[in-house]
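*Asks:* The structure follows.
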């Protein structure tokens, strides 16, 4: 099933192209009843920052994604949060384009891996908006 929701799209503030690409990848891989925003403050690592031990498989996806962005940032002139890239959503998978090892390809691969991981991991409602000071040390 394909999920499309344009309701309220006119009120969405502009984001860096990379974030838009990542959101599109996430929407492509997660269950239809979820929105990409439900993953923005989940566990210890999904969202801004992160600390402690990931609390479940989904949170581990975000932990790995954070580390992947950290590795990408070591590429000369690479800012993973703003880097644009080319990709294709097809046959329930995601294909990244570009030369291996380039900033664009590495960042795309980080986002691709995370989005596919989200699709394969259970979303536990009780792990949304957790008390990070208590559970993420």
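The backbone N, Cα and C atoms fix where each Cβ goes, and this holds for glycine too.
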*Asks:* According to Swiss-Prot, 45, 47, 49 bind Ca(2+); which one of 66, 71 is listed for that same site?
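*Replies:* As annotated by Swiss-Prot, 45, 47, 49 share the Ca(2+) site with 66, chosen from 66, 71.
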*Asks:* According to DSSP, which kind of secondary structure is residue 46 (disulfide bond) found in, if we only use helix, strand and coil?
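*Replies:* For residue 46 (disulfide bond) - judged by DSSP and reduced to three states - the answer is strand.
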*Asks:* At the level of the C-alpha atoms, what whole-angstrom distance separates residue 66 (Ca(2+) binding site) and residue 110 (disulfide bond)?
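*Replies:* Just about 9 Å between their Cα atoms.
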*Asks:* Restricting to the chain of residue 44 (disulfide bond) and a gap of 6 or more, list residues whose Cβ falls under 8 Å of its Cβ, or answer none.
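*Replies:* Once residues fewer than 6 apart are set aside, residue 44 (disulfide bond) is near 50, 51, 52, 53, 54, 55, 59, 63, 130, 132, 135, 136.
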*Asks:* In the three-state scheme derived from DSSP, which category covers residue 78 (disulfide bond)?
*Replies:* coil
*Asks:* Given the disulfide-bonded residues 61, 96, 103, 117, which lie within 10 A of residue 46 (disulfide bond) by CA-CA distance?
*Replies:* 61
